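Student: First, the structure itself, so that you have it in front of you.
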Amino acid sequence: MEVLMAERANLVFHNKSIDGTAMKRLISRLIDHFGMAYTSHILDQVKTLGFKQATATSISLGIDDLLTIPSKGWLVQDAEQQSLILEKHHHYGNVHAVEKLRQSIEIWYATSEYLRQEMNPNFRMTDPFNPVHIMSFSGARGNVSQVHQLVGMRGLMSDPQGQMIDLPIQSNLREGLSLTEYIISCYGARKGVVDTAVRTSDAGYLTRRLVEVVQHIVVRRTDCGTVRGISVSPPNGMMPEKFFIQTLVGRVLADDIYMGPRCIATRNQDIGIELVNRFITFRAQPISIRTPFTCRSTSWICRLCYGRSPTHGDLVELGEAVGIIAGQSIGEPGTQLTLRTFHTGGVFAGGIAEHVRAPSNGKIKFNEDLVHPTRTRHGHPAFLCFIDLYVTIKSENILHNVNIPPKSFLLVQNDQYVEAEQVIAEIRAGTSTLSFKEKVRKHIYSDSDGEIHWSTDVYHAPQFTYGNVHLLPKTSHLWILLGGPCRSSLVSLSLHKDQDQMNTHSLSVKRRYTYKLSVTNDRVRYKFFSSDFYGKKKNRIPDYLDLNRIICTGYCNRIYPAILHENSDLLSKRRRNRFIMPLQSIQERENESPGISIEIPINGIFRRNSILSYFDDPRYRRKSSGITKYGTIEMHSLVKKEDLIEYRGVKEFRPKYQMKVDRFFFIPEEVHILPGSSSIMVQNNSIIGIDTQITLNIRSRVGGLVRVERKKKGIELKIFSGDIHFPGETDKISRHSGVLIPLPPGTGKINSKESKKLKNWIYVQRITPSKKGYFALVRPVITYEKRDGLNLATLFPPDLLQERDNVRLQVVNYILYGNGKPIRGISDTSIQLVRTCLVLNWDQDKKSSSSEEAPASFVEIRTNGLIRHFLRIDLVKSPISYIVKRNDPSGSGLLSDNGSDCTNINPFSSIYSYSKARIQQFLNPNQGTIHTLLNKNREFQSLIILLSSNCSRMGPFAGVKYHNVIKESIKNKKDPRISIRNSLGPLGSAPPIANFFSFSHLLTHNQILVTNYLQLDNIKETFQVIKYYSMDENGKIYNPDPCNNIILNPLNLNWYFRHHNYCEETSTIISLGQFICENVCIAKNRPHLKPGQVIFVQVDSVVIRSAKPYLATPGATVHGHYGETLYEGDILVTFIYEKSRSGDITQGLPKVEQILEVRSIDSISMNLQKRIEGWNKCITRILGTPWGFLISAELTIVQSQISLVNKIQKVYRSQGVQIHNKHIEIIVRQITSKVLISEDGMSNVFSPGELIGLLRAERMGRALEEAICYRAVLLGITRASLNTQSFISEASFQETARVLAKAALRGRIDWLKGLKENVVLGGMIPVGTGFKGLVKPSKQHNKALLETKKKNLFEGEMRDILFHHRNFFDSFLLKKFHDPSEQSFIGFNDS
């Protein structure tokens, strides 16, 4: 007793709480010291103690013990706030759906994780003896995840397909779930009834297959004499010491281990914990160990390769059935594994990205040359740094240096003020190089009816040349322009042309009708019958064909001269495919820069002799009416008819004879056409002054002689400016028409600069007011010389046009009006006298005789601060057909500022005289504008009706005078939308001008230069185009030059996502056709704009057609053609994005099964190719050797074995299940032990395609001394079970009839070596540790020893051959295959 007391006094007293792991350690040490029986005795005492204490404590668990974390409220609120901002950005078109989904998942995942981390400290501080806390954190029952669901928040769930549901469950189970949350959480339940039942059966089946594959593996020999081993590196940062110890303990060394000259361990010595600790302290070089992979026995295993038995710490006994033990050890824990985990979705690669936060308030500075602007995967603007970046933060007197690692995102700008703890950078999680990613498709559906537009070039997917699948080359917006489509064939209307205004009551937008529009060129008033829904027929005459109204058909946005109908045959053709470069304001009409309007065929293909463009020289433009006369007497009349052949939308120009007109004259006069009933306040033949009142609402603009003629249509009143002479002699003036008389230079009244150069002319006209006498009216004449200035050099700047050899542009001038024909202009319109045609022509080459057509595309370049658009015409079709507007039936549009005026004034605004009735009539909200779309076959057209409700109007702007009527209508009605149409301009002429500028990339940097290559007929020069604007935090736009088209979007270009209602004065540059994102401030104290396209710009207001932007990133697929009508719910874009396949997608049991059955993963990661190329360079050198096949197959097999073991271990470890590597290795050895004979070398032994054990193939090769070609294959466990040496075991597993029939046909012999065969036949099982005693060693045994020695000699020779490869091999494997995330033994040695 005293002895015992003395012993107790020497014992150390440990005052520590003991948890599960400490308990395990204690038990293992007790077994090592005292053996099994004594240990169990001690453990019984511990158990009794535990029960006593637990009863005394009487821990009970009630619902009150679940304490919710106090910080949960604001964490959830914060996440909801972020989600709201995200939703807004998505609405504004700054992020697309995939980015939104990613970010919202990350926001909620992070919130859930923070709550989970808060849990343990919260319990510790508030209630350390909380039963829940004691129970879960001691490891007795329950784990962190379950407690997190009880007191934290349940977080994100996945649906049955493993996709994330982006609606998080915010409640925990203590607070209770709402109905929606309950339904969602039923998806992800892993302890549900369904889940458990399925899991048990799955795990059972897995165990059955595993045992099947390894049932015959028994320990039969002591040593197989192998010389190979697998090398394990000593623990470094990548591989925790715990796993290193687990890997080594219980193994047998394959090679001696030296520390310097001293041998610290010998070959075939088994490794205990002491030896491992010695290795760790000595940092021994890679240690070569024997594993089941290296064993050379074909159908069993030797003691030394297996090592110690896990049950009793000694070398395994002979006759132990290690295969079955291995199968059960892996299969049994399968019931503990989950089928799915909680955090599935794999959207984030490994948790949350790490953030770098600012240490203090201050200004941030970094070197901008080292960073590169980009978009993060959430669509935020950021800088990507490629190398280590040092960021300094300067507060009042302290400098903080922050180092940002490479490949990180910098989220702030240079010189920006940051606050303490603000996130300034995001470090990308270091993903392993071979992480598999899967491609996911996400469809975005349209929210509303309308037309689709995009703002960049779009490539056709090459396989569908005529399909409607387009790929986006760069980040851009897609816009859905709102408008209600009508389709049906109930009513046949022949009347409505494009751009006509109409009453929406005449056709119901709710019902979808289609009108087959017969195209007629007759310009009389149509009568048409609209069937009302009551069945009555009414005669209706539409009110839009007044004489003085220009019918603007097609998509022409320029005013064409309003001539009378007789000579309007040239101009009245429907110009469907015209696009116009400049659009000037009325005030600057006199000195504007020349505008070229270009005509493009519908399909975008020019034929030979097509008229490429018209050019109206402003020098030949007049504002007043008048008469044209041609110059000198020796001239003939002008070309009588220009041959304008029109077919399939292409205009060709074939002049039969073409005249040079030297000069012609324009005699101005003022003409008013009045209704017959109007009262005229001036007399015929009287002379009036300027601004005399003629009728109630018309005043004269020029002074002179008045002539009044009554005609059928009404009264025609002309005012001739000029002087009256009473001539003495009659003969000088002819009776019929006027005469042009030249004046000597310098004389006369017209004393301008031009008079020195030109002769002045006057026009003398004889007027006979009565029978008594007559007088002569001398009228001033404006002389026009046809100058040579109109060549290509003036049309295009000389440096921008270089013609190819075979594409020519010819300039053709012609005068629009016949000799002496009167020209009438109504009100303010200007009249064009001379038109210049550019005719496109090219030589017919013998080689390229096939090219009868030349496709056209647009190029945008920028010179001297102006954006210009050029048409590029190629004779060769490009492989990627640019369909800028190729498939656009509704015409091409392009519009640009030539810099003369920034705000384009709508040209229609002053055509009509205002009257109250008319304005009120057009403010009728039920009126819409028709917008015709031809369908593909052009058989009938469908209409889109733009209602007033689809447009919103900004304005009126301050400081602009406008007519009283409009002011009144604005005063009377509060709604600013009412006064949309104060003029009858074409609302909805959007498509022709939609594409006139491309969006800048959504980057926010103003120093970036993008080089666009201009290709107008092969030009060599390149231009740098600055397309970036940046906006500071106040919403001001800084842009490099003011004439540019700015994308006004405060959120895109803004670094701080600032408060949405905050706006300062912005620079207003609005151009026709521009797309505007929501929330843009146009002027100070104005309401925000709705998103849409500017279709109508006036002096004082803008009309915007509502549109919805969708952001699309490169590589997205756009469905539908440009300008096509989409209905609500149509697929608009398809995004293809990668999400990393972290271990999350298939987890637990399915994952293990996937590996063991060697099922392939759907898609291969992007960076796999590069790595394989790298391997090939190294491998080719090895494959040159005579042992090439052997080595390459070995290499493949060893690598695959190692990685399979690691993958399976990873799944089990992640669930906290510990399995010894040996068990997994035995199974993996069976999967990888077969090779497939290939067809390369026909050998005499095996037929191609036969599956043979690797060792057997090697032995055959040595015996026959000829190379056998084979390649390594991975068999799944099912296939491996069906490819054994015993047909009885195969037949008892699967496909019994097939296996037995084949065996009978082949005459297979079953040697009954395994367990299963003997069980089936009822024989004695050839296993068991006493088995060796029954079999007496015979003479053959001695022979076997001799053979072994010979073999060892052979191995020695082989080692010499392979010796020079060995170093190379080791370094190669260590470099290439070392996967940082997975520890393991790397490489293999031929030692």
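Cβ coordinates come from backbone N, Cα and C, glycine included.
Remember, it's a predicted structure, so these values are computed and weren't measured experimentally.
As listed in Swiss-Prot for this protein:
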- Cys224, Cys295, Cys302, Cys305: Zn(2+) binding site (BINDING)
Student: Radius 10 Å, atoms counted are CB only; among the binding-site residues Cys224, Cys295, Cys305, which position scores highest?
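Tutor: That would be Cys305, with the highest Cβ count within 10 Å.
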Student: Would you count the other C-beta atoms found within 10 angstroms of the C-beta of Cys302 (Zn(2+) binding site) for me?
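Tutor: If we count other Cβ atoms within 10 Å of Cys302 (Zn(2+) binding site), we arrive at 22.
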Student: What other residues of this chain sit with their CB within 8 A of the center of the CB atoms of Cys224, Cys295, Cys302, Cys305, the recorded Zn(2+) site?
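Tutor: So the extra residues in range turn out to be Arg221, Asp223, Thr226, Arg290, Pro292, Thr294, Arg296, Ser297, Ile301, Arg303, Leu304, Tyr306.
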Student: For Cys305 (Zn(2+) binding site), just give me the three-state DSSP call.
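Tutor: Assignment for Cys305 (Zn(2+) binding site) reads helix.
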Student: If you run the three-state DSSP split on Cys295 (Zn(2+) binding site), which class comes out?
Tutor: coil
